[in-house]
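Reviewing the structure listed below.
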Amino acid sequence: VDYLNGARLVVETSKDPVYSYNGANVTLPCHYHYEPDQGPKRKIRIKWSKLRDDYTKEQDVLVAIGKTYMAFGDFKGRAHILRASQHEASLLISDVRLKDDGKYRCEVIDGLEDESEVVDLQLQGIVFPYQPPRGQYRLNFHEAEQVCQDQGAILASFNQLFQAWSEGLDWCNAGWLADGTVQYPIRLPRKPCGGVHLAPGIRSYGPRHRHLHRFDAFCFSSALKGEVFYLDRPAGMTLEEAKQSCQDAGAEIARVGQLYSAWKFAGLDRCNAGWLADGSVRYPIVTPRANCGPAEPGVRSFGFPSKGRFGVFCYRER
């Protein structure tokens, strides 16, 4: 094969996923070279873009020529080219956000030659099902997006839900995902959940009307920069008293996504019910024991009590 200028442009990225978490800094590796090596070349153009799961559309992240570069959209001020060595085109993303999870294309352009490779950025996180205080199947797609955001999370992708299912998530209520489909994960087939004769897996309702159809939500939250801790009083607290107690401790009342993250990544284990920001009362159990709910680990829920006095889970940035 004849290549332009007698050399073949080769782009290489990580074949394994790159793992990070919310609020961290992460480098997506990308290097290029020529076969055979041609020595110093003219200024090449580097383009990074983020792919949709189905590869049908790309979001511009950054374009660079020499030392000049421009980042786009949510990546402005957070995306930079790392030039630690010659022929390096790695992307540095600072203050990683939940929406940054996904596949990125590193494209190197030298005149008429254009080569690219893809690297997968995966955030360490947890998927949790969410129902609002109004009850089951009350959310259209846009409302589902908002309730996840309110809980310090985003709507989960299919890949994130699949990962959660492979780690043991079993939930019989259908919920929205980020691509506008409605699905639910089943580990133990049973009659109300698609039937006993279907194999375990992700049950799918496919794409649904984003305004008219209503379901629950599957939210995705990442590891935390801060800490979740528990406060209580001998007589318990109302929701408003609980919020004030967190403020007095230099913190804020925790969101549901923060409690799930603290349970999974910080090993938070508390057999005492506490208020959360959405008005729900929950508690996290890592080591199941008597009088602390079911025989498996999880975040237990008392729902949204209109009355009652409980402790509170607070969140404080480190």
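Backbone N, Cα and C define each Cβ position, glycine as well.
Residues or ranges marked as domain 'Ig-like' in TrEMBL: 7-119. TrEMBL lists 126-221, 227-316 with the feature domain 'Link'. Feature annotation from TrEMBL assigns disulfide bond to Cys172-Cys193, Cys271-Cys292.
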Per-residue Cβ crowding (10 Å cut-off), top of disulfide-bonded residues Cys172, Cys193, Cys271, Cys292: Cys193
Pairwise Cα distance for Cys292 (disulfide bond)/Cys172 (disulfide bond) [Å, integer]: 22
Alpha-carbon spacing, Cys271 (disulfide bond) to Cys193 (disulfide bond), which is rounded to whole Å: 30
Composition by DSSP (helix, strand, coil) of residues within the domain 'Ig-like' (7-119): 6 helix, 62 strand, 45 coil
Taken over the domain 'Ig-like' (7-119), the model's mean pLDDT: 90
